[in-house]
Every structure is written in structure tokens, then in C-alpha cells.
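Novice: Here's a structure for you.
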């Protein structure tokens, strides 16, 4: 009898236990699981069919949806002939560099036929980020959006849009990208530029055979739409505009901004920008368009990618209107647009700018020429920070640091260039040699860092988008010409500067960023132009462990790919 009572109350007991478990779980924490199969697929663009590396056969790849507070588990299985690693761009990976993804920095790549599970928490972040291959030039086709929603019940600090649309800007080569790069490296020269830009993988009808390769979004009169815009291009900063419609910028790199209205945005490789667009024009078809910004005497793929914003009920026979994009070399627009970006800095979303600086760094960005007996001119183009061209190791730097493996890197990257010069004066064409090495900078845990990135006129000035892994930073100042440590800091914005993970250093100018080194690990910092990264325009910070129990690097996962 007693036994029967226990049995019949079993389901009730289970239900009560389930309720207790529900109450003890954070209301909005969930585990989001994804399977990424890296596989080669034939894709046709611009009248050319070719095999490209994809995730799950999709180009662009799948969108990752998560919420602030979620755990994200992504199992990546590599069926392609190339080694693979994937970076979750802009996710801070607190104490968990093993999930960051840059090959030979935080992991060795996933070999053909093998898998690795990226397992990480989304903590205190919401907005638009993205993921991409982080080895060779494979991010030409291996990339996709990451959409992080705020915690349940937390509204956006701007009017709720009727719908959201991801706009991922990219590049397309008719030839095999890896072969294009190999050819360039063999000659010691830049490889051929891309054959088209793309919007959501499609170049749009201004290119041959591309009528059917055009992205279109339908809008309803009077409704507001949130465009989550990502620049996944390998080598081009891009202007983006929607014909006849203004855009209100509300977020950059997953950080809310003070809203402002603009006819066009500038977005560098690696950056994301969220804009609100109101469908408040005469019903019709309007082109969205993207084309490069380049204000230095260098070759770019200067063609315009288009997509279509189409009002509901309008037939496809109506010809779309083209937007007025800034001219490709419109420096004034680029500088004035960047100057409008400000952190929201509200009570809910404060801008915690470090006001006291523990460590001041000054890095010059230079192009150079080193001997190369097998190259076309007997020389090879190269790039450097503080005249050091970074040499990639053969095992992950994070492993070398964590397991104290000697001989992989040195922690002696200089805090300033070996010799000061007039960085942005007349073009310098003498003494263009650089030194090579795997040299890193060691940073004390929780120290505050100010880093000034200074463009130089070694060969030519050029705009460089720099991405720091593991952190956001505040862009406290920027200017044209040489940074003046006596005068320029007085003009820094320490109240509401923009907070990002990727910053454009202006052509022939400088940018000053600040961050608190509160995330232990080895964190890559590099130019997000793939061309320059390949030439050595990169370094990494070794952020030491703190003293507290939750201030040191987590142990590596069991399935970390071997070297």
C-alpha cells in the first residue's frame, strides 16, 4: 500500500523537482547548439562556377542566434582540404581564449576529417557580431552573422523595429582565392583584387549574369526596419547607402550609440553597424549599394554591389533608383562620419572609459620591402608594427603560454618604435627593411592600457582597420598627421567615446584607444585587411593571470586540436 502511494506520487514529485530546477535556473540562460560542417560546394557568380569552402553548404554561412547570458556550443567538423579555424569576432571569450579561434594564436587548426567544439558563454554583450574563418584567406567565403538579443525583458534603447534584416558585405573572386594569394606571394607583390563586392553573397544586377544573384528585401509603407550591417570583405573599407532613405545609426560593434541620421555609412572590414531605416518614401524599388573607400594611391576593386529594397505590392518590372554614395576618395566624409560616433553612455549602458593609464604604448604601422631572391624583383612587400614583421608560430601561442613551452615566442615587443621619425611626412622609400620575429607584449592583469596606432608614409600612407581579440576598447582620440603626446591628449574624449572591437586608423593619421586588461590570455591584434595580416601586420598581447580564483585562464578543452 505504502509502495503504491510512493509510485503514484512519483510524477508529482518529478514535476515539483522540475519546478524547483526552473526557479533555480537564470530566467533567460539557455544552451544554443550548432553543427558547422566545413565543406566544399560549387557556386556560380559572375558567369563563373567554382568550388568554394562553405559552412553547411551555405554562402554566407548560417546565422548564430543567442541571447545575453546564453552558452553557445558549436561543433565544427572539417570536410575541406584546407585546415580550418573559426573566430567569433567581437565575443570577449572571458578567460576562455581556447574558443577564440585564430589559427596558431589560440589553437592549432582543425585538420581534415576532424572536429573541434567551440564552447563559450555570451556575457554582458548584445547586438550584431559575426564569425569567420581565421586561417589563410578562407574568410573570403567562410563567414556569417551573430545576432545576440538582450536579456529577456530588456528593451532596445531605440524604437522597436517591425523587422530585422542582416546585410553582410563581402567580396568575390572568380579564381580560387588561395591560388590568387599564392601567386602574389610568389611574386612578392599584392595579389589581384576581387572581381566583385557582394551583399549577402550576391553582387547584384550591375554585374554580368547576376540578375538572379541579387538580394532583395520587401518593406511595408510606414514601418521601421533594423539593418544589421557587417563588413566581411577581405581588403576593402566600404560605403553603404539606401537610395532615397536616411539611416539612423544606433549601434556599432555590438555597442549602443547616441543615434544620429546619415545618408551613408562607412564600415571597415571586421566592423558591424546597426541602422534603423523607415519605409517612408514613395512606394517603389530602391537600390542598397556598397563600394570601397580608398583615399590612398592604391588599387581596389572599385565596382558597386547592389541589393534591392522593394515596397510591398510594387512589381519587379520597375527599375530601382541608385543611391548617391560618397566618392571613393571622400576623406572628408569618412572623417566627419567617424567623428559622429559616440557611445550611448546612459545609466543602463555606461561608457567606463579608463581615466588613469598604467601603460602607454605607441605602435607605428608601416609597409616595407625585404629581400626575396625567388620573387619577381628580388624583393617582397611586407608590413610591420614598430618595424617588426610578425612571424606566425607552429603551435598555438596560448598553449605555449599556458603550458610554459619555451622557444615559441619572446615577450619583448617594444612599447614604441626603435627610432622616431617624421611618420607622415614625404613618402619614405629608403631603409624599408623590417625585422622579423614572434614578439609579444606582456600586460599585467587589470592594468589600463593606452595604445596609439600611428600610420606612416613608408612607401605610402593608408587606412588600416585594427581588430583586438578578447576586448572592446574606447577610441579616445584620432587625428591626421603625427600624434603629438604634448598637445593631443588634451583633446581626448573621455566621456562618451565610441566603444568598438575594430578601429579604422585614418590614412596618414593616428588613433588612440584605451582598454582595461581584465581578460587573461593571449589576444591577437592585427590589421583586418587580410593582405596586410598576411604580410605580418599583427602582434599579440599576453595578459597575465590575476590573483583571484576567477582571474586566470580556464584549462584547455580535451578536444583542442593538436599541432
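Here the Cβ of each residue, glycine as well, is placed from N, Cα and C on the backbone.
Curation plays no part in TrEMBL annotations; they are all automatic predictions.
Features from TrEMBL:
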{"type": "DOMAIN", "residues": "38-152", "note": "domain 'Plastocyanin-like'"}
{"type": "DOMAIN", "residues": "165-313", "note": "domain 'Plastocyanin-like'"}
{"type": "DOMAIN", "residues": "412-546", "note": "domain 'Plastocyanin-like'"}
{"type": "SIGNAL", "residues": "1-29", "note": "signal peptide"}
Novice: Using DSSP, how many residues of the domain 'Plastocyanin-like' (412-546) fall into helix, strand and coil, respectively?
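Specialist: The composition, in the requested order, is 9 helix, 57 strand, 69 coil.
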Novice: Mind checking how the domain 'Plastocyanin-like' (38-152) divides into helix, strand and coil residues in DSSP?
Specialist: 6 helix, 58 strand, 51 coil
Novice: Over the domain 'Plastocyanin-like' (165-313), what is the model's average pLDDT?
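Specialist: Taking every residue of the domain 'Plastocyanin-like' (165-313) together, the mean pLDDT is 96.
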